């Protein structure tokens with residue numbers, strides 16, 4: 001049973017990494033090529049590019065760590081390397097979460113409309129808001145690193161892979177506060193994203209109430225902008241919720257009997273956010289959507305060409321054998 005779970009999780013993890021790297025790669029490549037062509041890049045494209053690159057590195061870290069733990073279980077995951085991997089994962093994960101949150105805040109400030117002095121002040125100073133978000137992220141990241149490296153440690157169960165490719169339970173000495181810290185510090189950007197979504201929804205509701213005022217064209221364009229951003233944020237919030245829920249479950253995982261199965265499920269759920277979220281961003285952006293369709297069409301044509309090259313020798317050999 002352990003071997004089946006291990007193989008299933010390996011397949012799921014590999015598929016998630018492939019899907020995530022393809023989506024994040026499209027976002028990064030399109031924006032970098034656009035920067036090289038125009039010699040400038042917008043604020044939202046800067047956020048998306050940094051988000052895509054951080055997620056590519058994060059996904060590769062997870063995949064490489066998993067495969068190394070499979071082939072070199074004893075030599076790879078020593079106590080020192082375990083601490084380094086946790087710190088690097090925490091840093092990349094926090095970067096990914098806060099960049100996704102910054103994107104939500106940016107969209108909210110650009111689309112929403114409130115007759116509030118504070119909101120108007122923030123709306124015309126979007127770059128300063130993004131800078132303030134970055135400073136807050138750096139402070140929280142430093143505090144997070146300090147907490148997970150606290151000197152007080154306990155022995156908790158963690159799954160390791162032995163040479164026979166089966167999963168065994170092994171006691172590993174890590175920070176007692178590590179799972180709680182990840183949940184706590186992961187909740188902060190999630191809460192910010194949720195608040196921006198609710199405020200944007202409230203802005204759309206207020207706009208709908210005032211639809212009988214103003215011109216028809218302006219009314220339609222504002223409504224469409226609200227709905228388009230809300231669609232992106234709804235999908236983002238759902239994926240964010242799955243990610244945060246996986247952190248909460250991991251905290252309480254020791255209370256359940258089938259801990260191995262729950263551990264694999266939560267691990268797969270955590271990777272789903274950086275893997276699937278880029279496709280939500282692509283679908284909500286016309287430029288990225290067009291580039292992704294072009295990339296998929298190119299891959300389809302390449303597949304057809306390879307298929308034809310394989311079939312041609314077979315047809316030729318059959319024709320030659322039939323000749324007298």
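From the backbone N, Cα and C atoms, a Cβ is placed for every residue, glycine too.
Look at Swiss-Prot and you will find 3-23 (among others) tagged as transmembrane segment, backed by sequence analysis.
Same-chain neighbours of the topological domain 'Cytoplasmic' (24-55): 92, 95-96, 99-100, 102-103, 106-107, 126-127, 130, 274, 277-278, 281-282, 285, 287-288, 291-292, 295, counting only residues six or more beyond its ends whose CB sits under 8 Å from a CB of the stretch. The topological domain 'Cytoplasmic' annotation in Swiss-Prot covers 24-55 (among others).
Annotation source Swiss-Prot lists transmembrane segment at 56-76 (among others), citing sequence analysis.
Residues or ranges marked as topological domain 'Extracellular' in Swiss-Prot: 77-94 (among others).
Here Swiss-Prot flags 95-115 (among others) as transmembrane segment, drawing on sequence analysis.
Same-chain residues lying 6+ beyond the ends of the topological domain 'Cytoplasmic' (116-128) with a Cβ under 8 Å from its Cβ atoms: 43, 106, 109-110. Look at Swiss-Prot and you will find 116-128 (among others) tagged as topological domain 'Cytoplasmic', backed by sequence analysis.
What Swiss-Prot lists as transmembrane segment is 129-149 (among others). Panel annotation: around the transmembrane segment (129-149), residues 43, 47, 83, 86-87, 90-91, 94-95, 98, 101-102, 105-106, 109, 122, 175, 177-178, 181-182, 185, 188 of the same chain, lying at least six beyond its termini, place a Cβ under 8 Å from a Cβ of the stretch.
The topological domain 'Extracellular' annotation in Swiss-Prot covers 150-183 (among others), and the record cites sequence analysis as its basis.
Residues or ranges marked as N-linked glycosylation site in Swiss-Prot: 162.
Panel annotation: around the transmembrane segment (184-204), residues 93-94, 97-98, 100-101, 104-105, 107-108, 111-114, 140, 143-144, 147, 223, 226-227, 229-230, 233-234, 236-237, 240-241, 243-244, 247 of the same chain, lying at least six beyond its termini, place a Cβ under 8 Å from a Cβ of the stretch. Annotation comment: Swiss-Prot describes 184-204 (among others) as transmembrane segment.
Residues or ranges marked as topological domain 'Cytoplasmic' in Swiss-Prot (evidence: sequence analysis): 205-236 (among others). Mean pLDDT for the topological domain 'Cytoplasmic' (205-236) in the predicted structure: 74.
Annotation comment: Swiss-Prot describes 237-257 (among others) as transmembrane segment, evidence class sequence analysis.
Taken from Swiss-Prot, the feature topological domain 'Extracellular' covers 258-261 (among others), and the record attributes it to sequence analysis.
Here the transmembrane segment (262-282) has long-range neighbours at 5, 8-9, 12-13, 16-17, 19-20, 23-24, 26-27, 48, 52, 55, 58-59, 62, 96, 100, 103, 159, 232, 235-236, 239-240, 242-243, 245-247, 249-250, 253, 256, 288-289, 292, meaning same-chain residues at least 6 beyond its ends whose C-beta is under 8 angstroms from one of its own. The transmembrane segment annotation in Swiss-Prot covers 262-282 (among others) and rests on sequence analysis.
According to Swiss-Prot, the topological domain 'Cytoplasmic' annotation covers 283-324 (among others).
Across the range of the topological domain 'Extracellular' (77-94), the DSSP-based residue counts are 16 helix, 0 strand, 2 coil.
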